[in-house]
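According to TrEMBL, the features are:
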| type | residues | note |
| --- | --- | --- |
| DOMAIN | 17-405 | domain 'Major facilitator superfamily (MFS) profile' |
| TRANSMEM | 20-38 | transmembrane segment |
| TRANSMEM | 50-71 | transmembrane segment |
| TRANSMEM | 83-104 | transmembrane segment |
| TRANSMEM | 110-129 | transmembrane segment |
| TRANSMEM | 150-176 | transmembrane segment |
| TRANSMEM | 182-199 | transmembrane segment |
| TRANSMEM | 219-241 | transmembrane segment |
| TRANSMEM | 261-283 | transmembrane segment |
| TRANSMEM | 290-308 | transmembrane segment |
| TRANSMEM | 314-337 | transmembrane segment |
| TRANSMEM | 349-368 | transmembrane segment |
| TRANSMEM | 380-399 | transmembrane segment |
């Protein structure tokens, strides 16, 4: 009991490698959010089309899907730090390329298809990044009891960046233009590359054989509780997360311009960061099934509130709630899946999870963009929200006979890493 009492929400920061990665990723992901805000604004500025917003995100998704399982194999076979060093360097070069194309004096004036092409290439890079990054958490902490906190803090880091990045983008976009956002994103990758180089890691050998993808897929299909949570996340990613794709359209409807648009994205990120912090403090005290379900249903309801907002300030309050619910559901589901996965299958199972989580959202973005062009953005969001609430309610009903399996025990009661399964 005395040992358990010392395990607090910030216990993972005792591990040097985790501290380095947290700081490096915080800076890098803030830069990535700067680029994402500027990219969406630039696409809409060039095309005045919600469909093109969906095309850009959909291109990235298709490329991600094509390489996601290969990325999982790489994560299970090769040292994950080396994989991340390569992928982060590639992402940095893509950011600098986009900055060059968007530069007003560039010999190649930027076109929407250039942005879609860069999104596709970045999708390939992310397919190799995400499984290794998810699984890398277990390489950075030496105590299994730290893993739930590390997962929550990892998500908190992402969502702090999601708040900071758009806030910076609002200033840079107005003062210096989209090309500056892309350039500073490229610079930000130096932080995570440096953090990886400074880590002290045990020598990790290359596994002699390719790891069959089928093993990870078979594990998910045979582990009913994991399969059910992944289906819920798939539904939310396809129908509810893409609401934020239309924020440039809503910024125009509210007549708030670049600064107002970046404030909308940043407010959404603030809500997400608050959810991550709340789960870091209180997550172990609440059964994860409750936070998964509450976040998913709350996301649909808050989306309906958003399109009903009579003023820009009310819309911002709804975006805060949307961001909170997104991450309440997302972190809880991520943590649950990671707590079930054996170490030997970690990369491949997380490849499937990240495929569902990251690929379906852009596909949903393409669909909601087409819907918005035909029916208007508010009606498109309403259709998605109502469908999402209905389908997620069915998934929850499906989960109900297995509730005793979805609520897992806090990892603080688990044995050390060397004695059991990993949890990334």
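The backbone N, Cα and C atoms fix where each Cβ goes, and this holds for glycine too.
The structure displayed is predicted, hence computed values, not measured ones.
In this chain, the transmembrane segment (290-308) lies close to the transmembrane segment (219-241): three or more C-beta pairs between them fall below 8 angstroms, excluding pairs fewer than 6 positions apart. Residues 292, 296, 299-300, 303, 326, 329-330, 333, 336-337, 340-342, 345, 349, 352-353, 356-358, 360-361, 363-364, 367, 384-385, 387-388, 391-392, 395-396, 398-399, 402, 405-406 of the same chain lie 6 or more positions beyond the ends of the transmembrane segment (219-241) yet place their CB under 8 Å from a CB of it. Counting Cβ pairs under 8 Å that are 6 or more residues apart, the transmembrane segment (150-176) and the transmembrane segment (261-283) reach 3 or more and are in contact. Residues 39, 42-43, 46-47, 52, 55-57, 59-68, 70-71, 74-75, 83-84, 86-88, 90-91, 94, 97-98, 101-102, 358 of the same chain, all 6+ positions outside the transmembrane segment (110-129), place their C-beta atoms under 8 angstroms from a C-beta of that stretch. If you look at the transmembrane segment (380-399), the same-chain residues 6 or more away from its ends with a CB under 8 A from one of its CBs are 228, 231-232, 235-236, 239-240, 242-243, 246, 289, 293, 296-297, 299-301, 303-304, 306-307, 364, 368, 371-372, 406. Here the listed stretches are 50-71, 83-104, 182-199, 314-337, and the one with the most C-beta pairs under 8 angstroms to the transmembrane segment (349-368) is 50-71. Within the same chain, residues 39-40, 43-44, 112, 115-117, 119-124, 126-132, 213, 216, 242, 245-246, 248-249, 348, 351-352, 354-355, 358-363, 365-370, 372-373, 377 sit at least 6 positions outside the transmembrane segment (50-71) and bring their C-beta atoms closer than 8 Å to a C-beta of that stretch.
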